[in-house]
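Structure, as structure tokens:
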Amino acid sequence: MLASLSGGGLPLLRAQREAAAERLPPEVLDYYDAGAGDEVTRREGALAWASYRLRPRVLRDVGTVSTETTLLGQHLAHPVGVAPMAFHALATPDGELATAAATGANGGLLGLSTRSSRSLEEVAAAAAQHGAPWWFQVYVMKDRSLTEALVRRAVDAGAGALVLTGDTPYVGRKRRVTGTRLSVPDDHFLVNLAPHFAERVDAGGAELTVAAQRAAAEQDPTIDLATIGWLAEVSGLPVLVKGVLRGDDAVACLQAGAAGVVVSNHGGRQLDRSVPSALALPEVAAAVREHARVSGPLPGGYAPVVLVDGGVRTGTDVLTALALGADGVLVGRPLLWALAAGGADAAGACIAEVVSDLKHAMALAGAASLSGITPDLVHPSGAVLSRGA
């Protein structure tokens, strides 16, 4: 059963969530929705954004409000991107093709997962057709040659950056899914790797079994900061590190060659009781800005990027994130619920609703552009998370 179905947030997103709960098989529903452990971190994600209080400005000209921004040289209509998530085809038959269409229709950024259920070339073609820039999320696999081959394909297909997931040496344990036991179909799990496995044989000269293929594709728990430089060298693309919740980690990633970080606790799906992204963001953003002040811009003249995901459900959440130092946000589960509720059209409506709500919140806060969303909009008392909520 979908946890915490009622509550705050935008009515459209709530309705899409309810529709997804009715349409998805229980095992898929739990796979998408579950958090790790007791799900404390998952539950606190949205509450943490709501715990901040804002200080709006008055008598500012907000007759026209612009959400346009630029990330690593890429112009975007707004700062609301789609988080990289696995297996969209479990929600809608077109899978990530629908997500690419929805993202492009709204002028946003698409995060494409290594674990996509449509090949990265198919998704790249759909993204190009609909005008959606995309970044490729990377899991470094135990067989590193697989990762290198995928990265090279992503470069050839037009990825604008790589997003290295750093918080998943092992997959978090999700107690809620033990009863439903979703088994991801092989044609979903291995779609991006099938061309590489087709050329391989085992020690006896036989084709690799599916079990052997899955084992090779598991995450490598030995990755470290040197992996950032390796990916940058292989790809020639900017590399961001996703899963950062500490300022010192953010600085270490930048020193190792990262172009930015994504403040994220993986939607509460990894280490339960990790700090909510909303509460980790100020420390991380401050550390990144100080590092940039001392070390100067990245190659190309860009400043390091700070993105954040986890619990973003409204335009006011986005406004708060930007005021706390983020350059953009990534939205995750709501896009999956939208895909399940109505495919690409519903997903596009989901994104559009959040962006519309952001524009409204900006106007009420006295910010006519993203440059007007500054730290002084957040009350200095900071977050007031209610543990009883």
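Cβ coordinates come from backbone N, Cα and C, glycine included.
Curation plays no part in TrEMBL annotations; they are all automatic predictions.
TrEMBL has this to say about the protein:
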| type | residues | note |
| --- | --- | --- |
| DOMAIN | 5-383 | domain 'FMN hydroxy acid dehydrogenase' |
| BINDING | TYR31, TYR139, HIS266, ARG269 | glyoxylate binding site |
| BINDING | 84-86, SER113, GLN137, THR165, LYS242, SER264, 309-313, 332-333 | FMN binding site |
| ACT_SITE | HIS266 | active site, proton acceptor |
Assigned conformation of ARG313 (FMN binding site) - DSSP reduced to three states:
coil
If you draw a 10 Å sphere around the Cβ of ALA86 (FMN binding site), how many other Cβ atoms fall inside it, taking every protein chain shown into account?
20
Largest CA-to-CA spread of glyoxylate binders TYR31, TYR139, HIS266, ARG269, angstrom:
19
Can you check which residues sit near ARG269 (glyoxylate binding site), meaning Cβ under 8 Å from its Cβ, same chain, 6 or more apart in sequence, and list them in order?
ALA34, GLY35, ALA36, ARG42, GLY172, LYS174
In this predicted model, what is the average pLDDT of the domain 'FMN hydroxy acid dehydrogenase' (5-383)?
92
TYR31 (glyoxylate binding site) to ALA86 (FMN binding site): how many Å between their Cα atoms?
10
What whole-number Å value do you get for the CA-CA distance of LYS242 (FMN binding site) and HIS266 (glyoxylate binding site)?
8
Using a Cβ-Cβ cut-off under 8 angstroms and a sequence gap of six or more, which residues of the chain neighbour PRO84 (FMN binding site)?
GLY111, LEU112, SER113, THR114, TRP135, GLN137, VAL163, LYS242, LEU330
Tell me, in order along the sequence, which binding-site residues from ASP309, ARG313, ARG333 have their CA within 10 Å of HIS266 (glyoxylate binding site).
ASP309
Give me the Cα-Cα distance between ARG313 (FMN binding site) and TYR139 (glyoxylate binding site), rounded to a whole Å.
26
Which residues in the same chain, at least 6 apart in sequence, have a Cβ under 8 Å from the Cβ of ARG333 (FMN binding site)?
TYR32, ASP33, MET85, GLY267
Given ALA86 (FMN binding site) and TYR139 (glyoxylate binding site), what distance in Å do their CA atoms have, once rounded to a whole number?
11
